[in-house]
Amino acid sequence: MIFVQQFEEVRLILEKAKKITVLTGAGASTESGIPDFRSANGLYADANVEMYLSRGYYNRSPKEFWKHYKEIFQINTFHQYKPNRGHRFLAELEEQGKDITILTQNIDGLHQVGGSKHVIDLHGTLQTAHCPKCKTGYDLQYMIDHEVPRCQKCNFILNPDVVLYGDTLPQYQNAVKRLYETDVLIVMGTSLKVQPVASFPEIAKREVGATTVLVNEELTGQEYNFDYVFQNKIGEFVEGLSSRK
C-alpha cells in the first residue's frame with residue numbers, strides 16, 4: 001500500500017512541477033538491448049579499453065583509435081537499437097508542455113531519437129563526429145561507411161563526439177546550472193559511481209532543496225539523498241506512474 005502511495009505522490013509532484021530535471025544512466029538504455037558497458041561483463045571490463053578510448057591514444061594513433069572505437073561500441077550494428085518506454089515517457093512529458101531537461105550519461109542518442117528535445121549529453125554522443133580543423137559534423141552512417149572516417153573538405157581524420165578519457169566534460173557547467181533551477185530531480189538507471197555526476201543528487205537535495213526521486217534496480221549507497229526510492233526497472237516505474245492516472 002505504501003508503494004502504491006509513493007507512485008501517486010510522485011505522479012502528483014510531476015504534475016505540479018514547473019521544472020523537471022532527469023539524470024539517466026545505463027539502465028535507461030539496457031531496456032533497449034544496449035549492453036551496460038560498465039557492468040562486470042561489459043566492455044569496460046577489458047583493462048585496455050580506457051587506453052583505447054583516451055584522448056592521448058586518438059592523438060597518437062588516430063587510425064588505430066577508430067578501429068578500436070568501432071569495435072568497442074559496435075557502431076556498425078547501432079541502428080538496431082530503438083527507444084524504449086522510458087525514453088518515450090520522458091518525451092511525452094515534454095510534449096505535454098513540461099519544462100524538462102535530460103542530463104544523460106549515455107552516449108547512444110536514444111533520448112533524442114525518442115523525441116526529447118532538451119537533452120544534455122554529459123559524455124557526448126556516438127551519433128556524430130566532427131572535423132578537428134573545420135568543425136564540419138558527420139553522422140553515424142558516415143562513420144559506418146568509412147573504415148577511418150575523414151573530413152571530405154580537409155581530409156583530417158574525424159574526432160568522435162564522445163567524451164574520451166582525458167577530456168573534460170564540456171557540458172558540466174550547463175548541467176549544474178540546470179540543477180540549480182530545478183524543482184524535481186529524477187535519477188534513472190544509474191549506480192551514481194562516476195564523478196562528478198555522482199554529486200548531482202546531493203546538489204539538488206541539499207543545496208537546491210528540490211524533490212529527488214531515484215529509480216534504479218540496485219541500491220546506490222546514496223539513498224539518503226532521495227525523497228523517493230524505487231528499486232525497479234525504468235519500464236516498471238513508468239508503468240506504475242501510468243496506472244495511477
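Indices start at 1 and increase along the chain as displayed.
Glycine is treated like the rest: Cβ placed from N, Cα and C.
What you see is a predicted model, and the numbers here were worked out from it, not measured in a lab.
As annotated by Swiss-Prot, active site, proton acceptor applies to His123, with the evidence given as sequence analysis. Under the heading NAD(+) binding site, Swiss-Prot lists Ala26, Thr30, Phe37, Arg38, Gln105, Ile107, Asp108, His123, Thr190, Ser191, Asn216, Ile234. The nicotinamide binding site annotation in Swiss-Prot covers Phe37, Ile107, Asp108. Summarising the annotation, Swiss-Prot assigns Zn(2+) binding site to Cys131, Cys134, Cys151, Cys154. For 1-245, the entry in Swiss-Prot reads domain 'Deacetylase sirtuin-type', with the evidence type sequence analysis.
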Fill in: Close in space, distant in sequence - Ile107 (nicotinamide binding site), Cβ under 8 Å, 6 or more apart
Phe73, Asp121, His123, Gly124, Thr125, Leu126, Val162
Practice prompt. Specify all same-chain residues, apart from the site residues Cys131, Cys134, Cys151, Cys154, whose Cβ lies within 8 angstroms of the center of the Cβ atoms of the Zn(2+) site, ordered by sequence.
Written response: His130, Pro132, Lys133, Lys135, Thr136, Gln152, Lys153, Asn155, Phe156
Worksheet item: Since the record lists Ala26, Cys131, Cys134 as binding-site residues, which of them has the fewest other Cβ atoms within 10 Å of its Cβ?
Response: Cys134
Fill in: Separation of alpha carbons, Gln105 (NAD(+) binding site) and Cys151 (Zn(2+) binding site) (Å)
27
Discussion item. Rank aside, I only need the closest one: which of the binding-site residues Cys131, Cys134, Cys154 has its C-alpha nearest to that of Thr190 (NAD(+) binding site)?
Written reply: Cys131
Discussion item. Just to verify a number: CA distance, Gln105 (NAD(+) binding site) to Cys131 (Zn(2+) binding site), in angstrom, no decimals.
Written reply: 23
Worksheet item: If one measures from the C-alpha of Cys131 (Zn(2+) binding site) to the C-alpha of Asn216 (NAD(+) binding site), what distance in angstrom results, rounded to a whole number?
Response: 37
Item to complete: Rounded to the nearest Å, what's the C-alpha distance separating Cys134 (Zn(2+) binding site) and Ala26 (NAD(+) binding site)? Just drop the number here, would you?
Response: 32
Fill in: Residues satisfying Cβ distance under 8 Å from Asn216 (NAD(+) binding site), sequence separation of at least 6
Gly27, Val187, Met188, Gly189, Thr190, Ser191, Phe230, Gln231
Item to complete: Count the other Cβ atoms sitting within 10 Å of the Cβ of Thr190 (NAD(+) binding site), across every protein chain shown.
Response: 25
